[in-house]
Amino acid sequence: MDTQFAQRRRRDLIVAGCFAVIAALVPLFVKDVYVQNIMVLTLMYAALSQSWNILSGYCGQISLGHALYFGLGAYTTALLFTKFGVLPWFGMLAGGAISAVIAMALGYPCFRLRGHYFVIATIVIAEIALVLIQNWDWAGAALGIDIPVRGDSWLKFQFARSKLPYFYFALALACVAWLVTWWLEDSKWGYWWRAVKDNPDAAESLGVVVFNSKMGAAAVSAFLVAVGGSFYAQFVSYIDPESVMGFQFSLLMALPAVLGGIGTLWGPVLGAVILIPLTELTRSFIGGSGRGVDLIVYGTLIVVISLALPRGLVSVFSWRKEAAR
Amino acid sequence: MTALLETPLLETRGVWQRFGGLVANSDVSISVGRGEIVGLIGPNGAGKSTLFNLIAGVLPPTQGSIIFDGEDVTRLPAAERCQRGVGRTFQVVKSFETMTVIDNVIVGALIRNTKMRIARQKAYEVLEFCGLAARAEKLAADLVPSEKRRLEVARALATEPKLLLLDEVLTGLTPVEAQTGVDLVRKVRATGVTVLMVEHVMEIVMPLVDRAIVLNLGKVLVEGKPADVVRNPEVISAYLGDRHAVGA
């Protein structure tokens, strides 16, 4: 009786595996550094959006302040490395852990807020953090931190000559974020989160401790986003407050999931694959004129997709499935 | 006879609930024995829903205590009471609309079963019991109102409650649907679950319940066998006004 369900989950896993293998093979044919750069960013945003989706999509707590966790990850890694010589791999874990703790500390007061008030709180908190970092001299204040690059090294996770190691790490990160979501979807937490999103009162009456569920979602989500931030710091090797904690990162994490299908397994991936190359391509080909044509094209596309497919791009596929039945 | 010797499953002792200047419940003491079906009735604004919410743990009473299964649960939140064996439905249905019917019930089943496979199996059994198995894969949002009511019952049953609180599950249904509902409540009791149901419409509940408690203006007006309660002049007066009570 649960074979249909189990089949669907197995099929998702196989499809994801195929995509991962295909993606891993792409750099063999695409040698252009500019295109590789776009691929790295696409995979990174797929991972970030997937992580954002855990708290905001599944658990329904819309956060527009996730740039905070992205920045925390980037800064923790960069500071630990430049000040104490701690390897970025440990910095990544430390950044993730710090972000998870901070997410819960902030969740403690904020999860009592509902709907729009919660969203506003997340924006404000991220902006406050941005201002604090901008004025923190030890952490480089507004100038930021330059991570010294001395040759290619997996140990120090820095590569000057090739983008490929970053590409494979970003691919692995996207796979991990996807797998975590896939696994959570059929777990106690996954069910609780969806219940909390749909109706917190009913969830509470069925024994779900709503507050703890939100805290759990926030911690997982923040941890993964911070790892993404750590990766980004290594990838660009120079960070400043605005470039890792700016509001645009919060939006860029939310948009792929929202366009692709919020609260779905495939939405963030689909959204990132379409949105991120589009952002980069419009910027390089029609941007730069100072007239903002790229942003007009970009914005128009978002409006068109949201109007035509309010439940996200994934709804195209589910519509087909229903028609076939 | 043994039922009288046992401690009741649920007791409220001198419960008061005030909302600012409004007294919704004043000094309400009721008890529900194990295996009973008890109806909590009364005209609009009698304080039924408030008392119901106090028992379910939505909010703590201003004064008084609530004893469930021999333990004082007065200060326990709703989720904790569910853990102890209190299941409930909502007067205005609160399905998880974006989830399928089976997933709705799984949420309830997860409190007793941590393994997903077992919880899913349990949820299917409950759906079958409630006559919703054919709708398992449908979205909750696509159910008709009477099915949504049954889904609420199914979800609550999946938590394996000792006491099931039903908030107007039979109100607003067609006679056929209401009869199906009545049969379901009897079936639930047959499995050993105690039922406390709030109803507004007397003729639906009276044939079903073992005992009726009538609330009026926040106080317990009368309690007893349904047949006695409906003939009680005070009850008639509360429902219909004094003029009608004279004839009785």
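From the backbone N, Cα and C atoms, a Cβ is placed for every residue, glycine too.
On a predicted model such as this, the values are computed, not experimentally measured, just so you know.
Noted in TrEMBL for the protein shown:
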type	residues	note
TRANSMEM	A:12-30	transmembrane segment
TRANSMEM	A:84-108	transmembrane segment
TRANSMEM	A:114-133	transmembrane segment
TRANSMEM	A:166-184	transmembrane segment
TRANSMEM	A:215-239	transmembrane segment
TRANSMEM	A:251-276	transmembrane segment
TRANSMEM	A:296-319	transmembrane segment
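Here the transmembrane segment (A:251-276) has long-range neighbours at 12, 19, 38, 41-43, 45-46, 48-53, 56-58, 60, 62-64, 66-67, 70, 174, 178, 181-182, 185, 194, 197, 225, 302, 305-306, 311-315, 317, meaning same-chain residues at least 6 beyond its ends whose C-beta is under 8 angstroms from one of its own. Within its own chain, the transmembrane segment (A:84-108) has Cβ neighbours under 8 Å at 68-69, 72-78, 125, 155-158, 214-215, 218-227, 229-231, 233-234, counting only residues six or more beyond its boundaries. Beyond the transmembrane segment (A:215-239), the same-chain residues lying 6 or more positions past its ends with a Cβ under 8 Å from any Cβ of the stretch are 40, 44, 47-48, 50-52, 54-56, 58-59, 61, 63, 66, 69-78, 88, 91-92, 95-104, 106-108, 111, 144-147, 149, 157-158, 166, 169-170, 173, 176-177, 180, 184, 189, 193, 253.
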